[in-house]
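**Q** Got a structure for you, questions after.
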Amino acid sequence: MIRLASKDIKEAIEKDLTQEVASLKASGVEVCLAVILVGEDPASQIYVGSKEKACERLGIGSLVTRLPKETSQKELLALVKRYNEDPKVNGILCQVPLPKGLNEQEVIEAIDPDKDVDCFHPFNLGLLAAGAPRFMPCTPFGVLQILKRSNIPTQGKKVVVVGRSNIVGRPLSILLSLKGWDATVTLCHSGTQNLAAECAQADILVAAIGKPEFIKSEFVKPGAVVIDVGVNRVEDPSHPKGSKVVGDVDYDAVSTKAQAVTPVPGGVGPMTISMLMYNVINAARFQKGMPPFQL
Ligand code: GUN
């Protein structure tokens, strides 16, 4: 069984991205990301800190605005408008989930689609569904980079995606069905009948349901490739912190049957931020009328 850790892939991509940022800078183009974080969700604080560090590593400028959880919808929309109109800001990202009482969808739709580096705006999701994406949804594109750079072909393969979220499952199922990736995609969800049997058809099984260690060995066809997108914090008294992070896949059980499995942590998770950096670079290129940088 192959453990599909992403460290080397991430490093190779970030090396190319760092060079691209430097070459843009040499031609007078500075790249800058604006991040909005509302409230004190601990996981969101960690993610936003990692995004700031990634910008620093790659030479991308970052503006991070941390707002209290009492922030009103009106104040939040005013900040988005300010970043929309700021020519120095190439990409805008509002960390989700937002605190209760704020309207996430309205904020997403207020972001200028040309600066929507999360690829959450309906305009960008529409371009993706039309087969002409401007931005790549970050976690789904991270999954595709792991497959491509591990020499796991998707062409003609049966891929089963479990989970239909707007951030991962649905955009990933669309991407995999596009020309070039050419997979035969089944999108499963909480209403799917005989889920284990559906999953056991897959050459490539993607778990993105947010349930700790839900995918057991009977969900997996012998020799399948299993991609675990889950990040679940569970209690573990044997750990110094009293908890640990596990994926949506029962890694030990599935390892005995699969050809390859992505670990958690160290698999899909770290790729998301590198793909965000890729989108920020391409936002800057798009705004200057340049063709996209290809990975
Ligand atoms: N929350 C969890 N993942 C993401 C992401 O990729 N982007 C944003 N904006 N919020 C998130």
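From the backbone N, Cα and C atoms, a Cβ is placed for every residue, glycine too.
As annotated by TrEMBL, NADP(+) binding site applies to Gly163, Arg164, Ser165, Val231. The domain 'Tetrahydrofolate dehydrogenase/cyclohydrolase catalytic' annotation in TrEMBL covers 5-118. Residues or ranges marked as domain 'Tetrahydrofolate dehydrogenase/cyclohydrolase NAD(P)-binding' in TrEMBL: 137-287.
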**Q** Near Ser165 (NADP(+) binding site), which residues of its own chain have a C-beta under 8 A away, given they sit six or more steps off in sequence?
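**A** Counting only residues 6 or more apart in sequence, the Cβ neighbours of Ser165 (NADP(+) binding site) under 8 Å are Ala208, Gly210.
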**Q** When DSSP states are grouped into helix, strand and coil, how many residues of the domain 'Tetrahydrofolate dehydrogenase/cyclohydrolase catalytic' (5-118) land in each?
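**A** When I sort the residues of the domain 'Tetrahydrofolate dehydrogenase/cyclohydrolase catalytic' (5-118) into the three classes, I find 60 helix, 19 strand, 35 coil.
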**Q** With every protein chain in view, what's the tally of Cβ atoms within 10 Å of the Cβ of Arg164 (NADP(+) binding site), excluding that atom itself?
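**A** Result for Arg164 (NADP(+) binding site): 18 other Cβ atoms within 10 Å.
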**Q** Any idea what the model's mean pLDDT is for the domain 'Tetrahydrofolate dehydrogenase/cyclohydrolase NAD(P)-binding' (137-287)?
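**A** That region's mean pLDDT is 98.
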**Q** Counting other Cβ atoms within 10 Å, pick out the least crowded of the binding-site residues Gly163, Val231.
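**A** Comparing Cβ neighbour counts within 10 Å for the binding-site residues Gly163, Val231 gives Val231.
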